[in-house]
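These notes are about the structure you will find just below.
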Amino acid sequence: MSGEQTPMCSMDLPEVKVKTSMAGRCRVFWYEQYVQPCIVELVGSALFIFIGCLSVIENSPNTGLLQPALAHGLALGLIIATLGNISGGHFNPAVSLAVTVIGGLKTMLLIPYWISQLFGGLIGAALAKVVSPEERFWNASGAAFAIVQEQEQVAEALGIEIILTMLLVLAVCMGAVNEKTMGPLAPFSIGFSVIVDILAGGSISGACMNPARAFGPAVMAGYWDFHWIYWLGPLLAGLFVGLLIRLLIGDEKTRLILKSR
């Protein structure tokens with residue numbers, strides 16, 4: 001008789017295994033779809049802004065805009081190539097806004113991405129402050145954007161931030177999101193757009209193009225003069241580019257109008 005008896009719980013064991021397996025898969029899916037991308041955006045933003053801030057703080061008069069332009073652009077391209085397949089490689093609230101508008105990022109992830117990018121900016125700027133000599137740090141205003149000093153400069157600074165950010169966001173969206181134009185050289189193109197933007201407009205507005213890049217150093221240095229320019233300009237550019245792609249220049253899958261079906 002004892003050889004024929006079956007434990008009472010044995011009939012439920014397969015169901016328990018199935019439930020456990022499904023729960024495990026759900027946790028992994030939730031982590032990889034929602035948590036891991038935010039972690040990567042935080043880490044990538046911290047690394048990018050650390051390198052960017054350090055390049056400004058340690059810049060010498062002889063190199064002018066070239067050193068920060070190369071450091072920002074090369075760092076961004078490298079980080080996107082390394083981490084982009086996990087989160088999309090935004091590291092910029094303006095980019096995340098544009099990618100959301102064209103359907104490349106779930107709307108529910110936009111705010112978590114922004115929070116991650118801003119915290120990453122704080123961490124990167126804090127690390128740059130820690131490793132920099134105090135005199136150099138304050139001479140460079142902690143790599144905050146201090147180039148706009150008078151009200152008369154606001155219009156041109158805001159305008160150039162919009163235009164420069166549009167070029168960067170176009171490089172991201174068309175090179176890495178839009179299926180018709182995306183390709184393996186996207187990280188290079190995105191990094192190159194940052195180099196070009198800083199060389200072209202750095203003397204006018206500082207060529208920020210990224211609210212997270214402005215926010216972290218502003219907190220560390222306590223410098224908030226005309227800070228709003230570096231939020232409004234890039235975010236407007238992200239919105240404009242998102243609408244441009246969504247309505248006119250995106251592929252058929254992305255466009256909202258003139259679709260064959």
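Just so it is clear, glycine is given a Cβ too, placed from its N, Cα and C backbone atoms.
According to Swiss-Prot, the protein carries these features:
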TOPO_DOM  1-36  topological domain 'Cytoplasmic'
TRANSMEM  37-57  transmembrane segment
MOD_RES   Cys53  cysteine persulfide
MOD_RES   Cys53  cysteine sulfenic acid (-SOH)
TOPO_DOM  58-84  topological domain 'Extracellular'
TRANSMEM  85-105  transmembrane segment
TRANSMEM  108-128  transmembrane segment
TOPO_DOM  129-156  topological domain 'Extracellular'
CARBOHYD  Asn139  N-linked glycosylation site
TRANSMEM  157-177  transmembrane segment
TOPO_DOM  178-183  topological domain 'Cytoplasmic'
TRANSMEM  184-204  transmembrane segment
TOPO_DOM  205-228  topological domain 'Extracellular'
TRANSMEM  229-249  transmembrane segment
TOPO_DOM  250-261  topological domain 'Cytoplasmic'
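Under a cutoff of 8 A between CB atoms, and with a sequence separation of 6+ in the same chain, the neighbours of the residue listed as 'cysteine persulfide' are Gly124, Ala125, Ala128, Lys129, Gly142, Ala143, Gly216, Pro217. Against the transmembrane segment (157-177), stretch 184-204 has more CB pairs under 8 A than any other of 37-57, 85-105, 108-128, 184-204.
Beyond the transmembrane segment (85-105), the same-chain residues lying 6 or more positions past its ends with a Cβ under 8 Å from any Cβ of the stretch are 36-38, 40-41, 44-45, 48, 76, 79, 113-114, 117-118, 120, 165, 168-169, 172-173, 176-178, 187, 190, 209-213, 234-235, 237-239, 241-243, 245-246, 250, 254.
Outside the topological domain 'Extracellular' (58-84) by six or more residues, the chain places 40, 43-44, 47-48, 51-52, 91, 132, 136, 140, 176, 186-188, 190-195, 198-199, 202-203 with a CB less than 8 A from a CB of the stretch. For the topological domain 'Extracellular' (205-228), the residues of the chain that approach it from at least six positions outside its boundaries are 45, 48-49, 52-53, 91-94, 117-118, 120-126, 128-129, 137-138, 141-149, 154, 156-158, 160-161, 164-165, 168, 194, 197-198, 234-235, 237, judged by C-beta separation under 8 angstroms.
Counting residues of the topological domain 'Cytoplasmic' (178-183) by DSSP class, helix then strand then coil, yields 0 helix, 0 strand, 6 coil.
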